[in-house]
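Chemist: Handing you this structure, nothing more for now.
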Amino acid sequence: MKPLFAVIALVASAAISAPALANQELAQKKGCLMCHAIDKKVIGPAYIHVAEKYTAADVERLTHKVLNGGGGVWGTARMVPNKDRGVTEAEAKQLVEWVLSLKKAP
């Protein structure tokens, strides 16, 4: 029984971590990690700080900001319009949802 439990636990953990890894890979591929990091400010804010500030209710607004750029929330640096860099609306939404999923549990 223990080996079966170990296999189930392994498969479950892979299923949970695979989407997170895939979205981090998408962030790398689309150039997001040139200005952002998960746990520290680079040019833009740390993703964990974005996750603390916003909720799922903000997904549409944040997706628009990823696509069209913006600034004024995290200092003077402005985010470039990423639709000009090949980020689709679906990818932007996927990235926003991933960033928001990084929020620490209370």
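Along the chain as shown, the residues are counted starting at 1.
Note: Cβ is positioned from N, Cα and C throughout, glycine not excepted.
What TrEMBL shows for this protein is this:
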- CYS32, HIS36, MET79: heme c binding site (BINDING)
- 12-103: domain 'Cytochrome c' (DOMAIN)
- 1-22: signal peptide (SIGNAL)
Chemist: Around the heme c site recorded as CYS32, HIS36, MET79, what other same-chain residues have a C-beta within 8 angstroms of the site's C-beta center?
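Modeler: Surrounding the site, in chain order, are ALA27, LEU33, MET34, CYS35, ILE43, GLY44, VAL66, ASN82.
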Chemist: So how many other Cβ atoms are close to HIS36 (heme c binding site), meaning within 10 Å of its Cβ?
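Modeler: Its Cβ has 21 other Cβ atoms within 10 Å.
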Chemist: At 10 angstroms around each C-beta, which of the binding-site residues CYS32, MET79 has the fewest other C-beta atoms nearby?
Modeler: MET79
Chemist: For the domain 'Cytochrome c' (12-103), what does DSSP give as the number of helix, strand and coil residues?
Modeler: 58 helix, 4 strand, 30 coil
Chemist: Considering all pairs of residues in CYS32, HIS36, MET79, annotated in the record as contacting heme c, what is the maximal C-alpha distance expressed in whole angstrom?
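Modeler: Max span of the heme c binding residues, Cα based, is 10 Å.
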